[in-house]
Amino acid sequence: MTEKTEKWVAEQLEKEKKFVKEKLEQTARLDYKQKYKVSTLILFFFTFAIFGWVWEVGLHIVQYGEFVNRGTLWGPWLPIYGVGGVIALIFFRKFFDKPVLTFFLVTIGASVIEYFTSWLIEYTNGVRFWDYSNYPLNINGRICLEGSVMFGLGGCAVIYFAAPFLARYYTKIPAYIKLIICVLLIGSFMGDLAYTNVNPHVGAGITDADWEKTPEGQMAVEKRLKN
């Protein structure tokens, strides 16, 4: 290696060290206790909902080797992720200085949301999009300890890292552009809700086929078909 090359390598390493140091300092300065504007919360909702869709679709591809449009709606979003993330940011903010307490609160909150969502979908549409009956420590197959803990950890990641990090960029968007984006997203979402109400998003890999084979599931399916 020539002296010139060694010098270039040393300069590149120094740049890399400086870059990593700056990023670590930026992470340390994340203001996780800040109050977010309504427009930012709306963007958070759709960001988390879309991330949830990507996560579950990707997980299904890894597990079963096929693409399935996962979720209760036809669009590329899972509202339960968006609702959970935004609720955690709004209602648990005063506890953010206590990460352990925040984790338990988020875990409990996510469990309540997931259980209620499962019940509501089954009651209104006669389907289940998930069933934890084969998981240990589950409640009526709607929630389980493993899933609740994962949601708790994910919620903390949103609170302490994802939300304050994304807020840095969302707040830089001009107000009128942010308004247009929010209106378009909400309009698309409401249209999806209306369409799904008429044409439920069900099928293989979307709703839980094993649950639909149970007596309870068969009754729910028959009720759905009659309607």
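Positions of Cβ are set from backbone N, Cα and C atoms, glycine also.
If you look up TrEMBL, you'll see 36-54, 74-92, 99-119, 139-163, 175-195 marked as transmembrane segment.
By number of Cβ pairs under 8 Å, the transmembrane segment (139-163) is matched best by 74-92 from the list 36-54, 74-92, 175-195. Same-chain residues lying 6 or more positions outside the transmembrane segment (175-195) and placing a CB less than 8 Å from one of its CB atoms are 39, 42-43, 46, 73-75, 77.
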